[in-house]
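Now, the feature entries from TrEMBL:
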type: DOMAIN; residues: 4-119; note: domain 'Tetrahydrofolate dehydrogenase/cyclohydrolase catalytic'
type: DOMAIN; residues: 138-289; note: domain 'Tetrahydrofolate dehydrogenase/cyclohydrolase NAD(P)-binding'
type: BINDING; residues: Gly164, Arg165, Ser166, Ile234; note: NADP(+) binding site
Amino acid sequence: MILLDGKVAAEAVKEKLKAQVAELTAKGHRTPKLAAILVGNNGASETYVASKVKNCAETGFESLLIRLDENVPESTLLQTIEQLNNDESVDGILVQLPLPKHISEQKVIATIHPEKDVDGFHPINAGKLVQGLPTFIPATPYGILLLLEHYHVQTKGKHAVIVGRSNIVGRPMSILLSSNIPMGNCTVTIAHSHTQNLTDICLQADILVAALGKPEFVTANMVKQGAIVIDVGITRVEDATAKKGFRIKGDVAFNEVAPKTAAITPVPGGVGLMTIAGLLSNTLQAYLNNKKA
Ligand SMILES: NC(=O)c1ccc[n+]([C@@H]2O[C@H](COP(=O)([O-])OP(=O)(O)OC[C@H]3O[C@@H](n4cnc5c(N)ncnc54)[C@H](OP(=O)(O)O)[C@@H]3O)[C@@H](O)[C@H]2O)c1
């Protein structure tokens, strides 16, 4: 069994990006800049945003963190996005999800200029993805492709089963793995909460992507011998014996599933780190697309 180590693969991607940024700045160009907006103080969101800011610094990117109060009016958030849209020094904008209930995520995503939408959630970018046009690939599926590429996983002709159909993970993952691209050309089945005989479907998977947000849902009896398992899930599970009072669990029961697999991602230390690598790759692409860079 090969451990698909997100730390190792993300470092490799970041080293490449860092070298590109150093070359650009040595030629007198400005540094790429990512603006992140955090609304409220949800613990997990705080951690994700802090990690994104830290990774920007490590890779030579500039970052700007805008914090807004939990009760901020939706109109203020939209105005803040518009300001960033019009700020020529900002290449990429991300609004950390989830947002408080009084704010429409759909409106927020649609307000980010598609050319700065480094999370790849804007309907224009999602449409381009479906049509196989150049676009920003949502960071998590992009990170998974980078991980598969790093470990030279052969995807062509394989049957990929994706559990979860969200707009940010499952659905774009299904489009990418079924596309005619180097890390694609799979035959794809996408499963969701209404899928019947899920165990039988998962047992057919050469590549199984678990993205449903249910800790340790995928058990050994659902996995074919020699499968490649990608665990996207991140759930905080209360644990009084843990320092922080919780542990991070994936969607796969790692200890029982890993021995059956050819390769598997750990949680933590897998897809989460690759998501940041995907985000930084998109930010550099946004910068390069920006003619005034
Ligand atoms: N590693 C990372 O960087 C990263 C990034 C994003 C998300 N995540 C994690 O990935 C997980 C999924 O995130 P998400 O945003 O995609 O979640 P989401 O929007 O809640 O979507 C969950 C999907 O799973 C399906 N599902 C739920 N229960 C199921 C079941 N029993 N059987 C089959 N399908 C089921 C749902 O089906 P329906 O559509 O029918 O409801 C839905 O399509 C979460 O743990 C999240 O924290 C990790």
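Positions of Cβ are set from backbone N, Cα and C atoms, glycine also.
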Grouping DSSP H, G, I as helix and E, B as strand, the residues of the domain 'Tetrahydrofolate dehydrogenase/cyclohydrolase catalytic' (4-119) number 61 helix, 19 strand, 36 coil
In the domain 'Tetrahydrofolate dehydrogenase/cyclohydrolase NAD(P)-binding' (138-289), averaged pLDDT is 97
NADP(+) binding residues Gly164, Arg165, Ser166, Ile234: largest Cα-Cα distance, in Å and rounded to whole number = 16
If you run the three-state DSSP split on Ile234 (NADP(+) binding site), which class comes out?
-> coil
Hey, what's the Cβ neighbour count for Ile234 (NADP(+) binding site) at 10 Å?
-> 20
